[in-house]
Amino acid sequence: HTLCRAVFSWRFLLCLTPWTSWGGVVQLPLLVLYDADLPVPLHLQRCAHLQQYVATPGNMLLPDYGALSLYSLGCAFTYGAYVMPDRWINGVLHRYYVPIAAFNTFICTGLSCFSRFLEVDRPALSKILRTAAFVHPFVFDNIPLFYRLLFCFGEDCNWNEAVPLHLYHLFFAFLTGFLFASHLPERLAPGRFDYFGHSHQLFHVCAVLGTHFQMEAVLTDRSSRQAWLSSHSEADTLASTLGVVATAVMGNIILICFFTATLLWSPRANSILQHHIPCEAKVKEH
């Protein structure tokens, strides 16, 4: 019985792990011991952002893009396991849902890294590509949830106590995307929000809150649907679990190494990196 519970729970852990980012895995136990009263999502979010200080030169954060891509894959594992409507279980989308999500990680990492090379000459296009890189896997991962909330009615559509939590998650997710794309409120009042209330601060706060409600919703779905899903879902295989994860991790590492090498060997590397020097360093230079 204990082994069955462990096998059924492992996919939820995949949703948590990528939030530690590439460099946060070692720091996570230390942070939990240091401040054990914080909710788990806040610990994981904190770890993910520690990586910002050890990323590639010029603060380009290429490893962070890989971590976000793998987070989307973790979401696909958990949504495919616990959030998928009953009528879709063992269907075509259910079978290929996770492999497609793994392929989406390459799109996310590739587009987000490539967008950094356009930021100096074509900032508008760079912003569009980077936004699309994050929106695309989010929309795909939430297809089962969107269908369940908008188009699925009846006994096999899983209208349970997790639905309000899913709605809270979607609200904060859309608010996160809006703040990322709009640069509000500092765009309306330049200089007034340099220290507090900046869109990037609000962006991360909303991301933390959204992740909290997402995890609570998945846990609620898992507890209420575990018995039915255990008896009706097909058993996981090594290829569909660890094989997919290993392929996604290796592919994202290769992409990040490729773009990092391209950056270092590019004749325009100095101008690209100069564009990403933090504001404090630029002030010191002048």
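In case you wondered, yes, glycine gets a Cβ from its N, Cα and C as well.
Curation plays no part in TrEMBL annotations; they are all automatic predictions.
The feature Zn(2+) binding site is assigned by TrEMBL to His200, His204.
Residues annotated as transmembrane segment in TrEMBL: 12-34 (among others).
Taken from TrEMBL, the feature transmembrane segment covers 65-84 (among others).
Taken from TrEMBL, the feature transmembrane segment applies to 96-118 (among others). A Cβ distance under 8 Å defines the sequence-distant neighbours of the transmembrane segment (96-118), meaning residues of its chain 6+ beyond its ends; these are 60, 62, 65-66, 68-70, 72-73, 75-77, 79-80, 84, 125-127, 129-130, 132-134, 136-137, 140-141, 144, 240, 244, 247-248, 251-252, 255-256, 259, 262-263, 266, 272, 276.
What TrEMBL records for 163-181 (among others) is transmembrane segment. Counting residues 6+ beyond its ends, the transmembrane segment (163-181) has Cβ neighbours under 8 Å at 83, 127, 131, 134-135, 138, 142, 145, 149, 199-200, 202-203, 206-207, 209-211, 213-214, 216-217, 220 in the same chain.
Among the features that TrEMBL reports, transmembrane segment is placed at 239-265 (among others).
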Can you give me the same-chain residues 6 or more apart in sequence from His200 (Zn(2+) binding site) with a CB-CB distance under 8 Å?
Leu179
His204 (Zn(2+) binding site) CB neighbourhood, other CB atoms within 10 A:
17
